[in-house]
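Chemist: Quick paste from TrEMBL:
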- S50: active site (ACT_SITE)
- K121: active site (ACT_SITE)
- 23-208: domain 'Peptidase S26' (DOMAIN)
- 23-41: transmembrane segment (TRANSMEM)
Amino acid sequence: MDLDEAAAKSVPQRRGWSVVKEIIETVVFVLLVFFIVRGLLQNFRIEGSSMFPTMHDQQYILVNKALYMHFDLNAPLRLLPGRGELEQNVVYPFRKPQQGDIVVFLAPESAHDEPDKDYIKRVIGIEGDKVTLLDGQVYVNDQLLDESEYLDAGTQTNCKGYAATCTVDVPAGHVFVMGDNRNNSSDSREWGPLPLDNVIGKAWLSYWPKEDWGIVQTPNYELSTDQ
């Protein structure tokens with residue numbers, strides 16, 4: 001076999017390897033993009049009516065996981081000898097959950113009905129807030145919370161059980177959440193403030209059914225001192 005024949009036979013082999021290499025690179029790229037996107041966004045199907053009338057059963061949304069991304073600066077230091085007792089130093093590059101945000105989260109262990117299930121509720125109070133339920137209305141730090149933007153007129157927000165009034169001081173690293181369907185929601189009134197570590201992300205975009213398509217809005221609260 002002369003050199004010309006050998007070269008002619010090697011051309012298809014090189015082309016074949018080039019195609020295989022391109023396929024492998026494409027698959028790796030697609031997987032990389034998938035995992036990156038999965039780390040930033042998550043689809044979520046609403047089950048039940050606890051967020052009605054804002055959201056309804058079998059509605060599909062995208063959850064922004066990147067917004068609440070956080071990490072503990074002291075975590076690597078705890079690996080060093082004698083540093084295991086270092087307190088957490090948690091940093092949020094963007095922001096923490098804020099009042100009015102609709103959040104998806106892992107139900108805390110105190111949610112005895114369905115712990116470890118993903119819930120969706122609205123943030124009513126953040127760490128350091130005092131949340132009071134009185135005469136069917138919500139007060140945050142002794143100011144009446146105007147929820148007319150997303151609750152039907154006349155909606156009563158009552159304590160769980162038979163108490164006429166209840167007050168919760170939201171501790172550090174927690175938020176107080178409630179469903180918009182106040183009479184049919186398992187939330188912080190029942191199982192207490194929610195640890196921030198349980199929060200998965202913020203409800204961002206509703207995409208199905210198509211008539212519900214759109215950005216999930218956050219209310220512009222107006223607080224009143226009238227009681």
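Going from the start of the chain as shown, residues are counted 1 onward.
A Cβ is built for glycine as well, from the same backbone N, Cα and C atoms used for every other residue.
Any TrEMBL annotation is an automated prediction that lacks curation.
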Chemist: For a quick check of packing: other C-beta atoms within 10 Å of the C-beta of K121 (active site), how many?
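Modeler: Around K121 (active site), other Cβ atoms within 10 Å: 25.
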Chemist: Can you give me the Cα-Cα distance between S50 (active site) and K121 (active site) in Å, rounded to a whole number?
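Modeler: For S50 (active site) versus K121 (active site), the Cα atoms are 8 Å apart.
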Chemist: Give the number of CB atoms, excluding that of S50 (active site) itself, located within 10 Å of its CB.
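Modeler: By my count, 22.
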